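Undergrad: TrEMBL lists 7-17, 164-175 with the feature compositional bias 'Low complexity'. Look at TrEMBL and you will find 49-58 tagged as compositional bias 'Basic residues'. Per TrEMBL, the feature compositional bias 'Polar residues' maps to 223-247, 636-651. Per TrEMBL, compositional bias 'Basic and acidic residues' is recorded for 253-263, 799-821. Marked as compositional bias 'Pro residues' by TrEMBL: 623-632. Summarising the annotation, TrEMBL assigns domain 'PH' to 587-779, 850-1002. According to TrEMBL, the feature region 'Disordered' maps to 1-80, 99-130, 160-183, 195-263, 620-658, 715-735, 799-826.
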Amino acid sequence: MDTTHPSSRTSGVPSSSEQVVKQDDVHKRRRRFIGPMPATVLEAEPQRPRRQKHKRSLLRRERGGEDSSSSSDDDDSSSLSDVIRRHALEFFLRHGGERDSWGESQQKSVRKEMRKRWQQSDWGRARRQQMQVGNSKKWIGSSFDIGVFLGVDIMDERLPSPPSQADASGASASAPPAPAFSIYPTTSAAETFVTAPSHTEDGPTGSPSLSHKASHERDSSKAEQSSGLAGLPAQTQANRTPRSPSTLAPDVGKGKAKEKGKDVHVHYEEIPAPPSEVLARTGSAVNVTSAGAVEQTTIEARTNWGNIIMRDRMLVRVSYTEHSVPATFDERQNRVTRQLENEGWVEYMVAWRKDRLELYTDHHTFGKAWFTDSKRLAYVAPLGSSSTSLSLYSYVDMSFCLTCPPTPLVPDSKRVRYLHAGRGTHIFVFKPKSRSRAVDWIWHLWRQKGGQLPPFIEVRSPALDTRMRVDVPGFDTADLDAAYNVFQKDNVIRLCQKYLRIAPEYRALLERGLAEGATFELAWRLNTDLDWVWQEIDVRGKARRWAVLSGLALKQGEQPAHLEFRLKQHYPTRLHMKDGTRLDEPVAIEGYLDRIRPNSQLKQSLYLVTHDGYLFSLTPAHAHPPQPPGAPGMPSSTPEGTLYSLSSPGSVDTRRKADVRRGRLQILEATGAFDLRSIVAVRRAFQMVPQAREQGTVPQNTDWEDTEVFWEQVDRSESDDEDDGGESGVSKSKDKSRLRMRRSFELVLVSGRVLRFEAYSCATALEWIVRLRQLVSYWKKRHQVDARLEMNIAHVSTGRERITPQRPREDHPHSAGHDTPPEPLPNHEAALPELTFFYNWCVLDGCRAILKCGRLHGRKGWWGQYKHIQLVLLSGHLVQFEISHKSSLHHRRDKVINLLDAYVCSGYFAAQYLPEGQYDANKPPVARRYQDGLETDDVEEDTLFIVWYRNVRGQAEGVRRNNAAADVPPLKTKRKAGVFRTRSKLERDAWVWAINVEIEKVARASREREEAVRQAGRLLNG
């Protein structure tokens, strides 16, 4: 179990968990529980009802010994028999068996062998001893790999779930049409156009392993749902979106409609239909024709003007200037615009009627809202005026802006009020809670203001450094249905895969990636910010057919976003060092320990657990330990109100998902957090009396984890194996103090402090030492690699010179001279496939307990000093730990921030809200260097973000996102603010994106409650 050389860290300590998981599967992470468990944990396990057990025994007697391997099922829990039965084949194959020889007799033999091995294992014996009368052991079992049963991985095993209601609507058998498609490399000016038929083949030409993966499964009936826009007439054939009539002037720029007959690389091979057939078309058959466009316009014209199309609560900032402003008003333009009268951030109810946006707030008169159940109209923004302009204010926040002349309110006796007598310009900046809902607003308003579809959309592939063009059908006839059918996410992905195979230079690369299990997704990118196309259902449960096309409206200033065909990647679990060494993420560990205080030598019972390079401490009462081997799985059919219940109804629960939720609960209830990078030594205790500080010199070099001192041989003796553990082992020892010292290990910190922990036995302490050393070394290097990657991306994307120029290595031919040419400035239009690392799919899929974690500077409220904190993003929560130099652990400083009804803003958008004198826009940037080697010189506003939140009454317990019982707050409810500063702009953007994603998940998990919030309060009649 000991490691004597740094090179041995590559392979790690042999264990069953590392043998179970394939080495090429770098996304599945393993966890290991070290030491025995308290007997009370097993006593609290859920048991099957006795009636069900009795029924199973009767069935066995009726079979008359048909299954001899099940004859002793009553000796253990019936769930054990279920696990053996489900995984017998996998156990057989892992031990050299062949699938062809698997039969009934072989099945009985394997199940019997599995039961025999289980009874001989430590946990099998522990369970039998637990059932014995008079057994009073406080600790039972030994170390085990979580989710591994007799060497078989059972983490992906499904847990019991309630039956789901089958979809009533059938899926369409035909695939969406394939438009004309062209592909060309980015490094060449020449273009190669590849024309596709106007319809797809019966089956996708892509890899079946991609089209049938669970992560890409889509309900085809979603396309038949309504668009979710209130006020529009119900339609049975296809979705309709609010758009301006065809008589509106076409938009200028790239999206301008072209004249008929212009070549856009579309070649249809079908014979034109006869006039009689065209005249006979009805329903959906008309939608793809020019007659369909006229019909859509007619349907829109029949919409009542007073009906509310969309309404949402938003955080709005209203500004006024006596001068005109550019049509594209974003945060950059806001920074240079002077003489603005700004109001504070206020939450309004924003309602869209066909010709205007209305902003409502609560009444000034106390009790009037309660008696009338209504809202007060505060502002009106006309949409039909040519002076009204729509623009994207911040792509990072997904906020949008409307500029218009001041408009009088609707005449209503006492409410007649003119703002600034029609002079000047009003600037409304809107920030919806949900990011996808913000995109929906921008898309529909963009269409309402005359935004036109372009003739084609360019799709870039960063991994292959190439570009493809997909023609937009119906762009010149305002036929959105035809464009929606083509630009479905799965269809565009399938088209990109299909046409990359046409080019010989890309075919081999694509096929190799698909053979290795690669999957692809779509994302809209602007500079270094990614917005994945991942929600095809809106917050109200309706289909978002514009999920892909909506990126056309995302244009900040003069720079539009572009669509990318990106490799779907999770947070990496493998490192490749410069010398070719490969480091896999070590097994995470957890277990019960006693902390020994240096002065009083008193014991403090703790539960330590590692998550993503951090060590969290919990009280044993809130430890949430894993289920030991042979324990029944926590059923997912538990009511939506328990700590372990699913956050998304209808999804399939597995042991792996349940274990992730367990990890989130541990972090949420942790009393302290600890960065593994702060540990410079993990050693066995060698002094009888623990010392508070290290007597010698603490290593200060950056690569101390590669020194022989860190990996020095651990002192071992034969007495370590003779230690029975616990108090019984101490009572047998002659030198009790020495035994307790041998059971202890110490962590030496960078600050010189020493932490001592006592384990259950000597063997348990040795395992803690070996595995903690691996974790410390890996995560220190992980952060260093991440920092270099971040600096490279910043250098490539901005084109600025590095703060510290890269120097050649000493063995380089030019290292001896001083005439080495400087590093050339990169191209800021580079593909940047590494961006997926910062916008990884672990945040979207929630496959890690920690969605995002890092060191930031933060403060509570608007005043006070910034403090160094550790911020952790969990399921629906932000947990903050203060980094204190006085204590050995980082204690939680503030309450946990609940992301229900929270808003997050960044940049100049947030800097304007700081108190006067705290933000200086003209302050020059200062170069900074951090512990992991990161060097940045971003200005203050590029590293700032603010989270507005409130104390929620009736919030869900634990890490559940479903807050159906939470209260509906008034618009003027008091909010708190958390002000945070990151180390760089790229880091800030990634934090804002991750928090927005989690706010989106919270809103979708509480759909009924969110709808009640959206509909709260009666508005004026149109």
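Cβ atoms here come from the backbone N, Cα and C positions, even for glycine.
Any TrEMBL annotation is an automated prediction that lacks curation.
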Undergrad: Can you name the far-off residues of the same chain, 6+ from the ends of the region 'Disordered' (715-735), with a Cβ under 8 Å from a Cβ of it?
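TA: Residues packing against the region 'Disordered' (715-735) from afar: 2, 36, 138-139, 684, 686, 742-743, 760-764, 766.
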Undergrad: So how many of the residues in the region 'Disordered' (715-735) end up helix, strand or coil by DSSP?
TA: 11 helix, 0 strand, 10 coil
Undergrad: According to DSSP, how is the compositional bias 'Pro residues' (623-632) divided among helix, strand and coil residues?
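TA: DSSP classes over the compositional bias 'Pro residues' (623-632) add up to 0 helix, 0 strand, 10 coil.
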Undergrad: With DSSP as the yardstick, break the region 'Disordered' (99-130) down into helix, strand and coil residue counts.
TA: 29 helix, 0 strand, 3 coil
